[in-house]
Amino acid sequence: MATKDVKINDPMRDPVTGENRVIAPGHTLRSVTEKISRIVLTSHTPLGWFGGIMVASGVATLLAICVTWLFLRGVGIWGITQPVAWGFAIINFVWWIGIGHAGTLISAILLLFKQTWRNSINRFAEAMTLFAVVCAGMFPLIHVGRPWLGYWLFPYPNTMNVWPQFRSPLLWDVFAVSTYATISVVFWYIGLVPDFGTMRDRAKSKVGQYIYGMVSLGWRGSVRHWVRYETASLLLAGLATPLVLSVHTVISFDFAVALLPGWHTTIFPPYFVAGAIYSGFAMVITLAVPIRKFYHLEDMITIRHIENMGKVMLTTGLIVAYGYSMEVFMAWYSASHWEYFMMWNRMFGPMGWSYWVLITCNIALPQLLWLRAWRRSPSLMFLMSLIVNTGMWFERFVIVVTSLTRDYLPSSWGTYKATRWDYGTFVGTLGLFTVLFFLFIRFVPMIPMQEIKVLLPQSKVREEAEPLPEAGD
Amino acid sequence: MSMLPEKENQNQMSASEPGQRLTLEEVRAKLKGQTGKKYWRSLDELADKPEFGEMLSREFPQQASEWIDPVTRRGFLKLAGASMALAGVVGCTKQPDEPIYPYIKQPEDLVLGRPVYFATAHPFPMGALPLLVKSDAYRPIKLDGNPEHPMAHGSSDAMTQGTLLALYDPDRSQHILYRGETRNWPVFQAAFRGMLADKKASGGGQGLYFLSATVTSPTLAAQWKKAQASYPNAKFLQYEPVNRDSAYAASKQAFGDYLDAQYKLDQANVILALDAEFLSGIVHPGFNKLAGDWAAKRKLDGTDEMNRLYAVESWTTTTGLKAEHRLALRASEVGPFAAAILAQLNGGAAPAGYSWTDEQQKYLAALVKDLKANAGKSVVIPGEQQTPEVHLAAIAINQALGNAGKTVVYTETVNPMPSIQGDDLKTLIADLNAGKVDWLVIMNTNPVYGAPVDLDFITAMSKAKHTVHLGQYLDETGNVAEWHINGAHYLESWSDARSYDGTVSIIQPMIDPLYGGKSEHDILQQMLDDPDTSAYGAVRATWKQQLSAKGDYEFNWRKALHDGFLADTAFPAKSVAAKNIAVNVSAPAAADSIEVIFRPDLNLYDGRYANVGWLQELPRPVTNLSWDNAAMMSYGTLDKLKVEESDVIEISVNGSKVLAPVLAVPGHADNVITLTLGQGRRNAGRVGSGMGFNAYDARTSSAPLIAANAQVKKTGNKFEFAVTKSHYIDHRAMYAGGDGSGTHSLEGNETLTRGIIRYATLDEFRKDPDFAHQGEGHDAPEPDTSMFASYRYDKNAWGMSIDMNSCVGCNACIVSCYAENNIAVVGRHQVKVGRNMQWLRIDTYFEGDLAAPRAHFQPMACQHCENAPCEQVCPVGATVHTPEGLNTMVYNRCVGTRYCSNNCPYKVRRFNFLLYSDYETESLKLMRNPDVTVRSRGVMEKCSYCVQRISAAKIAADKGNRQVRDGEIVTACQQACPTSAITFGNINDRSSKVAKLKAQTRSYGVLEGNNTRPRTTYVAEVLNVNQELAAALGEGSPQQNG
């Protein structure tokens, strides 16, 4: 990691190790609290925030309209048809769930691996997870033909004496996603408790004190509290870690378990997980770059963060690329006519364009991340994050739609054309996500204060026995 | 007006003297010219007469005049009370006793929920189809062929199945209209009879014209014969746009009389179809029998002999595609080709003046050789839509081959009053234009829509003084007629009809007329002395003599109703020899000019079924086009005209023009544009109006079948078809799995590679009876390779076998399934998107060069897999396996994730994306099968193997403490099939028919390699290819191709 050409005067570099700093020098415990809590506790909401949430709410209203019409008329307002019975709804579901994964990875796995650079992006990455799960979780419910009976997917005791059908991957989805949502909420909330305590103490308004007082659950910052807090965090991180791998694995089973050429493949679980993290990190960058600019948080979300995330994207992107190439290889190597035709159709069939969009966005362009300069440029990384998320959306499109358009019986081949309601619903969820995020940055400290403080030199002083080089890690 | 009681007495008195009846017309006549005081005096004078009172009460039966008085409270209450009482009285009016005898399955009494079956017949211009109607609570809910009738053996066809929906069509005309205002029957009767009385007195009916649909009813003919005695100068003409003029003209020339040709395909080894669609539906007379007999000789059941079919045709039909050897010729070339066959048979050379291509000559030579070799055991069938010359040539060829009297016999015509309808119409138009027509009564035909465009029927019609239209719909003609009489559906009225072999069926009504419709019998009866004799009386009178001759009349009548036909009434073969059979064919137009041919639509016929949603939505055979019609042409013509599919073109022919979208059809003859009739209706109803284009706009009286020298112009517009299956050209190079030709169908190539279609020539089959299991991936994996345990079936295990050799792709099964399973019609847009709901479809695959393909028809519905992919993925267990091996949908449990559909390799599941079923229209509720759920929005559905029929049979078997007998359960598709291609039964029972079929070496499952273990299996096709011809044309055998 170390680089030789250290510019001595660069404040963002550690003069000892030559590494990029996780946090800019000069911050004190007070300044950190000051800086982060001010965003929330200010009585002066920036106009930009209002403007942003208004636009986002407008877009979210589109979702409300689309879903209302959907419930009134039925899923036929979408482009789904025979043979493509799953369309945007499932694509969006997988896409959103995938995006959520980065948050969990950052908050859980990187915590376990003691990657302290994660601290400053942890909170909002996890908020992103939550909101992505909200958007994702909506789709399985609204995409069914009779959404008012969606609860039949849950194993609950009922007078009909019927259980769900446990062989169905959709049922596994229900468990996977609901578990994931629950753990994510709890983990996020536990992490917020000490910060809510701080907010309670610093809030000037009665309402603020009251609400933050309620949600801080009587946090006093005693050592006993901190011990329990740390234990809980570790335990939850331990619980959440397998979820990072399992949730998307289960979702990939929706496809992998099916008989359909293009779905029926064992490579899906790992490449779905890698793809999820890939798109999730892209989304973190999409969010982090404007926020750090707008709220002047360059000190806490530093170039180091951006660059690290670029590296993660590069790695997961390569795993995904390996997955794609294996699909192509197996189509040939399996000598299965179905696989061979599926791959030919995916590349050169009537919807072949979508495959090449996917390859361009997910494999070709992200190779630019090998360039250090690219990784260190927030604006270029922002651009790359948009490209990758487009690519990842198309990955799901290719898997879901292209495979379905031409399957076993040539008589049943068809096509798929999304309607305005499909687009409206998708764009609407982007709006909903953004609204939730705006609310989050306004009312919740978006960077965990107590975790940032851990990174300050002040907090290291007490650990004199520790060897110094690990401090910045 | 206070003298009501007296008036009623007078009424009773006058009613006993029918001779003195007064009509409204007469009252008007008497008052005519009177004004002022005089008018009122005359009125008073009239009012004192008893006849007037009687007339008044006929006009206003509820004594509506009472309301003219200022209403007193007492009076009002009295009247209100009386109306209540009268309403009851009216409701209990004793209907004339017209008993329908007897039940086929005799219940003790009506048991609700238990259907009863009645025999009747569907009158169709090409010959009636005898029916057995399932009636639930006295509502006909399913039509099927009469299994005991020699013509159909229980099979039916798409259009007949569709007439059920036509019965309950909410858009049917419901009132008698006079210039657009509602009237009732007595008013019309009065006007009509008044006119008749005048006509009878003066000129014997001069100026009275009837224009009727093709007559198939002997009773109608008898009524007319009787009427003509009193009205010798009245004219009865027939016209339908699709008629048998060519056949009649040819037979008139050859035999001097109108005769019907009956083809005996059970005795024919070699069949040549000259543009004849005898396997494509009842557009061809005698379809059910012809198709059944043809298929019976292809079952390879205990024999390895088959018949062989040659087809020479201009557009692509299922008949041609089922032929071993098909030759696409322009319609105008078929005549010369037939003449060439005749010439070669007679030892001469082909007539000069036309040069055949190499390929055509080879075909001709091989065909002639084959025909000669099978003299007396071959048959040539001319197409109904071909010219008289072709019919004449067919008569001559059959005569030359010695087939006449063996494989073809000539009988009296089904139409008791045969005529050349084109001439009939011309006569009528001439008389109309000459002002000779006072009254024009149009019965069950729609000339304003369907008459040749150059005759300008609507203008001519306006020259008639009075016009009457009888029809089930207020159609184009009804709209311009002075009187419109709402017609009765054939399931609502008494009549009789002959099937094509001449066997008489009594048409008995299944339901009281829903809207009080009248039939043509009621109209003609007005001309007779007993105008109030119902159709029932008329029909009984017709057969009284014949039935009395064989014993007790009542007994025989009841037996006829019960059986559905009068035994031994088939026409005897006439021993006639064709005399004047010199075939003078006109030379076809220049080979590179475009000709237009007009064909009846296989779903809508001449347009009469345009408002039947089932038939509109039913994908047409070959093209899979639903809802619209198209200008159909070959890929070559497409290139030549420099147009693309979906382009809207303007076709000008003989001075008339029509705009039509282009659809390319594999195998279509080059330089021919086929236009199907029946679309472009303006007044069909909510379903049919405005669909497609009206091909009649380009059809002239001089060229109703083939129009030469058409001009085509591109308009630049596009039209998106609702096609349920498109054909993609295989552009793949060799290395990518294609054949590199660029002219084959991608699906066709893939289908053969994937082993979905397997077939062999007869020689190959003889050499290797197990051919269907040779080849890569053609064998099913071992049953134990599944993760899940296999089911055990101790008692019944239902299964189906479909004979690919027999299926002719006629679509009868699909419409039958519609009726049986309450399948929804979704509309053109939804079909375009791909959401058609048919549980059963006929997959058509084109193999080889799309210019001259071989096609395979594969009926595809739920395969009821043993190891069903759908069952494993449903999260709520809404699709489950029954202990008898059915894969069932539990509609109530379905939440609509559609995962099952995605995982179904056969894509046979259908989803209610929107609320497709009609929950609103009352009349449609009557039609539904009460044993099948009407599916709501958001629910998956699919073929259930007609589980309701299985249950019914099981209940019956349980009651009798026995097993379900083989053949006791007949699925709706199986029942409709004219070729018995579908067999259903218990595969656990080794002796069942289906088990035996499945044990055949040719039996295979589609996509068996997936280990789905489908319960529906297919019996592979075997083609009796003429090796010599195949070698001459360089056609490979299927094994090489596949």
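The backbone N, Cα and C atoms fix where each Cβ goes, and this holds for glycine too.
The feature transmembrane segment is assigned by TrEMBL to A:47-72 (among others). Here the transmembrane segment (A:47-72) has Cβ contacts under 8 Å with residues 78, 142, 147, 294, 421, 424-425, 427-432, 434-435, 438-439, 441-442 of the same chain, all six or more residues outside its ends.
Among the features that TrEMBL reports, transmembrane segment is placed at A:84-113 (among others). Long-range neighbours of the transmembrane segment (A:84-113) within the same chain, counting only residues 6 or more positions beyond its ends whose Cβ lies under 8 Å from a Cβ of the stretch, are 75, 78, 121-122, 125-130, 132-133, 135-136, 139-140, 142-143, 177, 180, 184, 187-188, 191, 233-234, 236-238, 240-241, 243-244, 247-248, 251, 254, 272-273, 275-277, 279-284, 389, 392-393, 396-397, 400-401, 404-405, 414-416, 418, 422-423, 425-426, 429, 433.
The transmembrane segment feature in TrEMBL is assigned to A:125-149 (among others). Residues 67, 70-71, 74-75, 86, 89-90, 92-97, 99-104, 106-107, 170, 173-174, 177, 180-181, 184-185, 187-188, 191, 280, 283-284, 287, 425, 429, 432-433, 436-437, 440, 444, 446 of the same chain sit 6 or more residues outside the transmembrane segment (A:125-149) yet have a Cβ under 8 Å from a Cβ within it.
Residues or ranges marked as transmembrane segment by TrEMBL: A:169-192 (among others).
Remote same-chain partners of the transmembrane segment (A:234-259), defined as residues 6 or more beyond its termini with a Cβ less than 8 Å from a stretch Cβ, comprise 90, 94, 97-98, 101, 104-105, 107-109, 111-112, 169-170, 172-173, 175-177, 179-180, 183-184, 186-187, 190, 265-266, 268-269, 271-273, 275-277, 399-400. According to TrEMBL, the transmembrane segment annotation covers A:234-259 (among others).
Sequence annotations record features per position, and here TrEMBL assigns transmembrane segment to A:271-291 (among others).
Under the heading transmembrane segment, TrEMBL lists A:312-333 (among others).
Residues or ranges marked as transmembrane segment in TrEMBL: A:353-371 (among others).
Long-range neighbours of the transmembrane segment (A:383-403) within the same chain, counting only residues 6 or more positions beyond its ends whose Cβ lies under 8 Å from a Cβ of the stretch, are 84, 86-87, 90-91, 94-95, 98-99, 255, 260-263, 275, 278-279, 281-286, 289, 310, 313, 317, 320, 342, 345-346, 349, 351, 354-355, 357-358, 360-363, 365-366, 368-369, 374, 416. What TrEMBL lists as transmembrane segment is A:383-403 (among others).
Marked as transmembrane segment by TrEMBL: A:423-444 (among others). Non-local neighbours of the transmembrane segment (A:423-444) in the same chain are 39-40, 45, 49, 52-53, 56-67, 70, 78, 88-89, 92, 96, 123-124, 127-128, 130-132, 134-135, 138, 142, 192, 195, 287, 291, 295; each lies 6+ residues outside the stretch with a CB under 8 Å from one of its CB atoms.
Cβ atoms under 8 Å from those of the transmembrane segment (A:271-291) belong to residues 94-95, 97-103, 105-106, 121, 124-125, 128-129, 132, 244-245, 248-249, 251-252, 297, 301, 305-306, 309-310, 312-313, 316-317, 319-320, 322-324, 326, 362, 378-379, 381-382, 384-386, 388-389, 392, 395, 437, 441, 446 of the same chain, restricted to positions at least 6 beyond its ends. Nonlocal intrachain contacts for the transmembrane segment (A:353-371), taken as residues 6+ away from its ends with a CB within less than 8 angstroms of a stretch CB, comprise 278, 310-311, 313-314, 317, 320-321, 324, 346-347, 380, 384, 387-388, 390-392, 394-395, 397-398, 401-402.
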